[in-house]
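The structure under discussion appears below in the form of structure tokens.
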Amino acid sequence: MTSRIGILGAGGRMGRAIIEAVRASDGVTIGGAAERPGHPCLGESLGGTMTICGNPSAVAHNSDVLVDFTTPDALKSNLDAALGAKCALVIGTTGLTGAHLETIDQASRDIAVLQTANTSLGVNMLAALVMKAAAALDTDWDIEVVEMHHRHKVDAPSGTALLLAEAAAKGRGSPLASLAERGRDGPDSQRRTGAIGMASLRGGSVAGDHDVIFAAEGERMVLSHKAESRETFARGAVRAARWLTGKPAGLYTMKDVLGL
Ligand SMILES: NC(=O)C1=CN([C@@H]2O[C@H](COP(=O)(O)OP(=O)(O)OC[C@H]3O[C@@H](n4cnc5c(N)ncnc54)[C@H](OP(=O)(O)O)[C@@H]3O)[C@@H](O)[C@H]2O)C=CC1
Ligand SMILES: O=C(O)C1=N[C@H](C(=O)O)C[C@H](O)C1
């Protein structure tokens with residue numbers, strides 16, 4: 001069955017990469033594409049009579065699954081569009097708060113929703129390895145998550161850094177909120193035993209680098225992932241959208257798609 005994918009944030013970096021990935025993939029077509037009202041790309045042709053519009057609801061009604069790579073502020077209207085059309089939804093947007101996650105959870109009682117900070121196979125495999133290492137190594141091993149992204153990225157730490165830190169915290173058997181040390185600065189910044197530190201670098205065109213460092217006296221282990229381009233994320237998003245098509249209401253992750 002061909003899956004019709006509606007692309008939200010179609011004029012953005014990921015939106016454009018996803019349009020290309022859908023065109024290059026079998027078993028999927030573009031159901032429609034939306035951008036925020038007033039965006040310069042509104043009306044841009046996607047081939048035939050299809051153009052980028054300002055109405056996510058119209059896109060949802062012509063799609064089997066929506067793919068949202070926009071901003072946290074757009075989440076509510078994107079969820080409403082999906083709920084109104086009973087359309088499945090893949091959410092790749094990062095920078096989400098607890099309140100956003102609660103709204104997503106509620107929506108997933110009525111429609112299939114997949115939320116993930118990273119659609120790549122490598123990062124999701126890395127998270128599994130990080131959890132295992134964090135569980136096996138005691139607190140003599142300090143855990144630090146370091147990420148680097150392009151100069152345009154607005155949120156920090158990256159959603160993926162948080163996902164990896166969550167995996168480490170799970171391995172250590174404690175909630176991340178009780179272990180995380182974010183944005184150290186100033187004279188009283190010494191790490192606590194058992195803390196999970198996080199640091200963010202920004203610059204140039206880096207698609208997405210993540211290192212999880214396990215540092216002990218005299219030795220250091222680094223579990224690392226580097227995305228070479230956005231194509232990786234776009235291909236993963238299309239794979240997730242195809243997988244989610246026709247699934248019952250519920251909240252899914254990339255682990256479900258990849259069978260990890
Ligand atoms: N899960 C994953 O694997 C990945 C997640 N991401 C995440 O995806 C998100 C988008 O990243 P990226 O494409 O680089 O960012 P961009 O800023 O390039 O794209 C976001 C697009 O969404 C548009 N937008 C803003 N508000 C709305 C709205 N209300 N409705 C529809 N569109 C809207 C923006 O318009 P304007 O620019 O005019 O504001 C922009 O065109 C980020 O949160 C990023 O962290 C990125 C890569 C991989
Ligand atoms: O904004 C980006 O570019 C990326 N965002 C995601 C994140 O915040 O983890 C995923 C990827 O690293 C690229």
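Glycine is no exception: its Cβ is also placed from the backbone N, Cα and C atoms.
Taken from TrEMBL, the feature active site, proton donor/acceptor covers H149. If you look up TrEMBL, you'll see K153 marked as active site, proton donor. The annotation NAD(+) binding site is assigned in TrEMBL to G9, A10, G11, G12, R13, M14, E35, G92, T93, T94, T116, A117, N118, T119. As annotated by TrEMBL, NADP(+) binding site applies to R36. The (S)-2,3,4,5-tetrahydrodipicolinate binding site annotation in TrEMBL covers H150, G159, T160. What TrEMBL records for 4-118 is domain 'Dihydrodipicolinate reductase N-terminal'. Among the features that TrEMBL reports, domain 'Dihydrodipicolinate reductase C-terminal' is placed at 122-258.
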Rounded to the nearest angstrom, how far is the Cα of N118 (NAD(+) binding site) from the Cα of T160 ((S)-2,3,4,5-tetrahydrodipicolinate binding site)?
6
Residues with Cβ closer than 8 Å to the Cβ of R36 (NADP(+) binding site), same chain and 6+ apart in sequence?
G54, T70, A74
Rounded Cα separation (Å) that holds between E35 (NAD(+) binding site) and G159 ((S)-2,3,4,5-tetrahydrodipicolinate binding site):
22
Which of the binding-site residues R13, E35, R36, T93, G159 have a Cβ less than 6 Å from any atom of ligand 2?
G159
Quick one: of the binding-site residues G9, G11, R13, T93, N118, which has its CA closest to the CA of H150 ((S)-2,3,4,5-tetrahydrodipicolinate binding site)?
R13
What residue among the binding-site residues G9, G11, G159 has the most other CB atoms lying within 10 A of its CB?
G9
Can you count the other CB atoms that lie within 10 A of the CB of E35 (NAD(+) binding site)?
25
What does DSSP say about H149 (active site, proton donor/acceptor): helix, strand or coil?
strand
Quick one: of G9, G11, K153, which recorded positions lie within 10 angstroms of G159 ((S)-2,3,4,5-tetrahydrodipicolinate binding site), measuring between C-alpha atoms? Sequence order, please.
none
Identify which of the following recorded positions, namely G11, H149, H150, T160, place a Cβ less than 6 Å away from any atom of ligand 1, and list them by sequence position.
G11
Using an 8 Å cut-off from the Cβ centroid of H150, G159, T160, can you name the remaining same-chain residues around the (S)-2,3,4,5-tetrahydrodipicolinate site, in sequence order?
T94, A117, N118, E147, H149, K153, D155, S158, A161, G208, H210
Length of the line joining the Cα atoms of T116 (NAD(+) binding site) and H149 (active site, proton donor/acceptor), in Å:
17
Given the recorded positions R13, H149, which one is most crowded in terms of C-beta atoms within 10 angstroms?
H149
Fewest other C-beta atoms within 10 angstroms of its own C-beta: which of the binding-site residues T93, T116, N118, T160 fits that?
T93
